[in-house]
Every structure is written in C-alpha cells, then in structure tokens.
Amino acid sequence: MAAATVYEADAEAVVRRITPPLDRARHNGQAAVIGGCREYTGAPYFAATSALKVGADLSHVFCTKDAATVIKSYSPELIVHPILEESYSVKDDERASVSSKILTEVAKWMERFDCIVIGPGLGRDSFLLDCVSNIMKHARQANIPTVVDGDGLFLITNNLGLVEGNPLAILTPNVYEYKRLVQKVLNCDVSEETASEQLTALCQKIGGVTIMRKGKADVICDGKTVTQASTFGSPRRCGGQGDILSGSIYILGTALHRVK
C-alpha cells in the first residue's frame, strides 16, 4: 500500500466551518436515530439528544415498543416512534406485512430528515436488522446522509451492499468494529504500522464512504485524504461516548445534505 499523508485536524475550525449560522430565515433541520430495543434504551437517547445539542431543530427516535416509553421518559424533547419490531413479537407468516408496514411508516418521515443515525441500541435481532436494512436502502434512494454506528456496523459488515459506493455514508467504528470491517473487506488483520494506508484502502474497497476510526487519536478518511483529531479528551472511555459522537456527526450530515 502506498504511503498516505496524515493531516492533523483543527477541530474547532472544522466545527465552525460546517456549523450553519443562526438565521431567522433558515432552519437547522431534523435528525433521526434508528435504534433502541428491550435491552438498550440509553444509546438512542444519547445519540438523539446530542444531535439537538449541536443544532438540530428536532430529533426523532425510531425504536421498538418496549423501548419507547423508557426513552420518552428520559426527555420531553425527543419525538419517539414505537414502530420497530423484534422476532419474538412477530409471527412467521406476518413478517413480510409487518416489515412493509414499518418501512412505510418511516418513509412518511424520511423527506424531513437531513441526516439519520443507524445503530445506537439497535441490538442484533434478525428480523429487526432486516427491517433496518430496508430503511437504509430507502434513505440511500432519498439521498439522506447516514451515520452508521454500534450494531449498525454489525449489520453493514455482514451486508456491505448497504453502504458500498455511497458518499453520504459515514461509519464510526471502535477498535473491535474496525477489526471486523478490515477482516471482512480486506481479508487481513489490522496493521498499526500502516494504519493510514490500510484505512485508505478500506474506504476505497468499500467505495465512497467516509470512515472515522475511533481510538487514542480519531482518524478520518474518505478514501482520498486522511485526517486525524488527536485533541485529548477524557481518559475514561465509558459506554455512551460513541453514541454521543454519532449523534453529533449529524452536523456533518447536514453539511453534506446542503451540498449533495
């Protein structure tokens, strides 16, 4: 692999550049998080709330019925849609009709969204993942920027066609998620000696996507340029930080939406 030049990002300058100015004649758009099931209710809340904190006017969560009441109780600011279903609640002969109903419901809202986040608190139920796959396909057809995190990365690692060749897709893998992606796509192990070159090759092989590899220094690549943000944050890496990041990337998604 050819050597790649790594540029250090001026994080504050980047955020200032892509943040839309407050203007009475404009709005800052809407974000949607697709995730939240019986086991995981905090992750979609953190992602949706962080989108609000960075400037979204409205933030939606599409989750299972079991998760909806819990997420609603966290905050009155979120618009919660209890429409997703897991295998245990759907009969085998009803799966096709239920899946179609879920997609129809989400599609009614899709044109309002400037960015969607797939994965926080999603879980790995097979029927739920199939439904989310259909939602991702619809979002792509509608040219909606899509951030993929958490179990959304598990989904796309096993179905790369969901993001292949999509310049509006942003993947945010942690160490373990990145390892699975590299093994799946490049058929090799992660190499720290050629980290930037390997990240570039991964983006190019998938085609068009932007990947933010989270770590001691976050490294970002679109297949052409490699940039790292090594500004030191909290040394405590607790659960929920990745969800906050995925929701915050909404602001980049809105920037992509404005220029697409």
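Placement of Cβ uses the backbone N, Cα and C atoms for every residue, glycine included.
Whatever TrEMBL says is automated annotation, not expert-curated.
Quick look at what TrEMBL annotates:
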{"type": "BINDING", "residues": "Gly121, Asn174, Val175, Tyr176, Glu177, Tyr178, Lys179, Arg180, Asp243", "note": "(6S)-NADPHX binding site"}
{"type": "BINDING", "residues": "214-218, 233-242", "note": "ATP binding site"}
{"type": "DOMAIN", "residues": "11-260", "note": "domain 'YjeF C-terminal'"}
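A map of TrEMBL features onto the structure.
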{"residue": "Gly121", "record": "(6S)-NADPHX binding site", "Cβ contacts under 8 Å, 6 or more apart": "Gly35, Gly36, Cys37, Glu39, Tyr40, Thr41, Gly42, Ala43, Pro44, Cys63, Ala67, Gly150, Asp151, Asp243"}
{"residue": "Val175", "record": "(6S)-NADPHX binding site", "Cβ contacts under 8 Å, 6 or more apart": "Lys214, Gly215"}
{"residue": "Glu177", "record": "(6S)-NADPHX binding site", "Cβ contacts under 8 Å, 6 or more apart": "Leu153, Phe154, Thr157"}
{"residue": "Lys179", "record": "(6S)-NADPHX binding site", "Cβ contacts under 8 Å, 6 or more apart": "Asp189, Val190"}
{"residue": "Lys216", "record": "ATP binding site", "Cβ contacts under 8 Å, 6 or more apart": "Ser230"}
{"residue": "Ser234", "record": "ATP binding site", "Cβ contacts under 8 Å, 6 or more apart": "Gln241"}
{"residue": "Arg236", "record": "ATP binding site", "Cβ contacts under 8 Å, 6 or more apart": "none"}
{"residue": "Cys238", "record": "ATP binding site", "Cβ contacts under 8 Å, 6 or more apart": "none"}
{"residue": "Gly242", "record": "ATP binding site", "Cβ contacts under 8 Å, 6 or more apart": "Asp149, Gly150, Thr172, Asn174, Lys214"}
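Between the binding-site residues Lys214, Asp218, Gly240, Asp243, Asp243 has the most other Cβ atoms inside 10 Å of its own Cβ, all protein chains included. Largest CA to CA distance in the (6S)-NADPHX binding set (Gly121, Asn174, Val175, Tyr176, Glu177, Tyr178, Lys179, Arg180, Asp243): 20 Å, whole number. In the predicted model, the domain 'YjeF C-terminal' (11-260) has a mean pLDDT of 89.
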